[in-house]
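Participant: Take this structure first; my questions come after.
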There are 2 protein chains.
Amino acid sequence: MLYIVGLGLGDESDITVRGLEAVRSCSKIYMEAYTSLLSLGLDPAALANLEKLYGKEITVADREMVEERVDQVLLEAADADVAFLVVGDPFGATTHTDLVVRAKKTGVQVKVIHNASVMNAIGVCGLQLYRYGETISIPFFTEVWRPDSFYEKIQNNCRLGLHTLCLLDIRVKEPTWESLARGKKVYEPPRFMTVNTAISQLLEVEEARGGSAYGRDTMCIGVARLGSDDQKIVAGPMEKLLDVDFGPPLHCLIIAGETHPLEEEMLEFYKIK
Amino acid sequence: MLYIVGLGLGDESDITVRGLEAVRSCSKIYMEAYTSLLSLGLDPAALANLEKLYGKEITVADREMVEERVDQVLLEAADADVAFLVVGDPFGATTHTDLVVRAKKTGVQVKVIHNASVMNAIGVCGLQLYRYGETISIPFFTEVWRPDSFYEKIQNNCRLGLHTLCLLDIRVKEPTWESLARGKKVYEPPRFMTVNTAISQLLEVEEARGGSAYGRDTMCIGVARLGSDDQKIVAGPMEKLLDVDFGPPLHCLIIAGETHPLEEEMLEFYKIK
């Protein structure tokens with residue numbers, strides 16, 4: 001049996017009781033540190049906390065392992081109980097759907113244990129979840145790669161009066177171009193997009209496209225470390241959020257659509273004075 | 001301190017470790033049984049399971065209490081630690097946002113403990129969460145009340161190639177019209193909309209509107225008891241799902257938009273043969 005267990009947002013205590021029981025019963029535990037982070041995945045101390053809670057050793061499955069060695073994980077899960085730990089909810093990322101598909105195809109039984117993810121916990125900012133349109137991802141722009149296909153999506157959401165959740169780029173264990181050319185991988189330091197970078201990229205795209213999907217005075221909500229004890233939520237016009245220090249990762253951003261009275265009441269608590 | 005604790009989907013073991021610790025530290029525990037259910041809220045045996053796990057007595061706060069006696073809960077939370085338990089995630093329903101707003105206004109500190117909700121756990125069916133448009137609610141039609149404002153929303157989602165999550169009506173502790181007229185409340189038995197009823201209402205609206213937003217052959221996914229051990233997921237054209245017995249509540253429905261190859265691979269596992 002392959003258990004795919006959501007760890008939720010925050011720290012080791014955000015696993016569910018059901019998830020904890022499953023993990024403790026497994027003979028092998030993998031933790032995926034690729035699509036998401038959680039301070040856990042990258043901080044050795046946090047990993048030790050987890051191992052202590054579970055009473056088991058954890059193998060961190062980085063990006064390469066998830067993509068290249070899934071077959072081995074599935075082989076183990078055919079004979080024994082294996083847990084695959086995932087930050088947030090198991091279906092937050094495409095990678096895990098792929099894992100489930102491969103498991104089912106090879107006849108390995110799968111049990112999914114759900115948890116909170118950014119997709120629902122973001123409700124904490126006060127904008128109602130059923131009033132969001134399509135979720136977008138904002139990638140780090142480079143000198144030569146500035147993809148802006150998210151622009152039409154924001155435009156569509158705005159036209160319909162809907163809010164837009166913007167997931168911000170995470171770059172973990174990316175090999176440097178230089179090292180790839182030399183044939184021996186050297187990794188870039190991890191990078192996490194801040195609310196500030198996201199907004200400045202958004203404003204750049206709006207200026208280039210000129211479609212008035214949004215502007216410097218569009219109400220947005222910046223969120224950092226959602227679900228953690230030190231989460232930070234600040235609401236205000238885009239240009240004002242540009243200067244707010246949201247602190248350590250992860251960050252995400254919401255572009256507000258039309259707001260209802262209850263939503264506005266809630267946003268008041270988070271507004272920049 | 002007022003803890004608003006998400007119980008997740010499924011049973012008593014779906015609370016997070018963090019949530020369980022909070023509940024155990026509280027002097028008073030309310031559980032809300034209004035907007036959602038969970039088999040828990042309505043089944044006395046399940047409530048006893050919860051009380052055993054928490055080592056505390058639970059006061060079930062029904063619809064009337066949530067709306068009329070919130071002030072009392074907040075007064076208690078001003079002096080002591082009070083937990084308010086909510087099925088799914090605390091921000092799945094407007095009611096809880098209102099509770100947070102009122103708490104903050106009266107100076108009561110609030111701590112939210114997140115969990116899975118239908119809004120993210122629905123990812124289990126294989127359609128990617130970031131490819132959903134606006135979520136809709138389908139109410140029970142009556143002789144005289146057949147609101148269909150969801151139709152334009154589905155149409156907008158379909159035009160953009162996006163999936164639509166349909167939340168289905170729940171009627172718990174609704175006073176009968178007759179009893180209201182007599183001035184002494186008698187409640188109707190609880191009702192939960194099935195996937196079948198939802199689809200037949202949807203088809204009726206499509207026939208009346210004629211906007212070709214969807215039709216009898218539109219691919220849909222019916223989901224029952226999401227997150228429970230006996231969850232049921234069946235994918236197929238609307239007209240085929242009309243005859244599928246999904247069993248006990250809760251049900252929800254997804255109208256598929258454009259699907260990507262990985263989404264299709266996953267749907268294959270759930271398709272009606």
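Cβ atoms here come from the backbone N, Cα and C positions, even for glycine.
Remember, it's a predicted structure, so these values are computed and weren't measured experimentally.
So TrEMBL has the following annotated:
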| type | residues | note |
| --- | --- | --- |
| DOMAIN | B:1-241 | domain 'Tetrapyrrole methylase' |
| BINDING | B:Leu9, B:Asp89, B:Gly92, B:Ser117, B:Val118, B:Leu168, B:Leu226, B:His251 | S-adenosyl-L-methionine binding site |
Participant: Among B:Leu9, B:Asp89, B:Gly92, B:Ser117, B:Val118, B:Leu168, B:Leu226, B:His251, the annotated S-adenosyl-L-methionine contacts, find the widest CA pair distance and round it to a whole Å.
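Facilitator: The span, Cα to Cα at its widest, is 17 Å.
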Participant: Taking 10 A as the limit, how many CB atoms besides its own sit near the CB of B:Leu168 (S-adenosyl-L-methionine binding site)?
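Facilitator: Around B:Leu168 (S-adenosyl-L-methionine binding site), other Cβ atoms within 10 Å: 20.
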Participant: Measure the Cβ-based neighbour count of B:His251 (S-adenosyl-L-methionine binding site), defined as the other Cβ atoms within 10 Å of its Cβ.
Facilitator: 24
Participant: May I ask which residues of the same chain, at least 6 positions away in sequence, place their Cβ under 8 angstroms from the Cβ of B:Ser117 (S-adenosyl-L-methionine binding site)?
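Facilitator: Same-chain residues close to B:Ser117 (S-adenosyl-L-methionine binding site) (Cβ under 8 Å, separated by 6 or more) are B:Gly6, B:Gly8, B:Leu9, B:Gly88, B:Asp89, B:Gly92.
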Participant: What are the non-local neighbours of B:Val118 (S-adenosyl-L-methionine binding site), defined as same-chain residues 6+ apart in sequence with CB under 8 A from its CB?
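Facilitator: Sequence-distant Cβ neighbours: B:Leu9, B:Gly88, B:Gly92, B:Leu165, B:Leu167, B:Leu226, B:Cys252.
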Participant: May I ask you to report the DSSP-based helix, strand or coil state of B:Leu168 (S-adenosyl-L-methionine binding site)?
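Facilitator: Strand, per DSSP.
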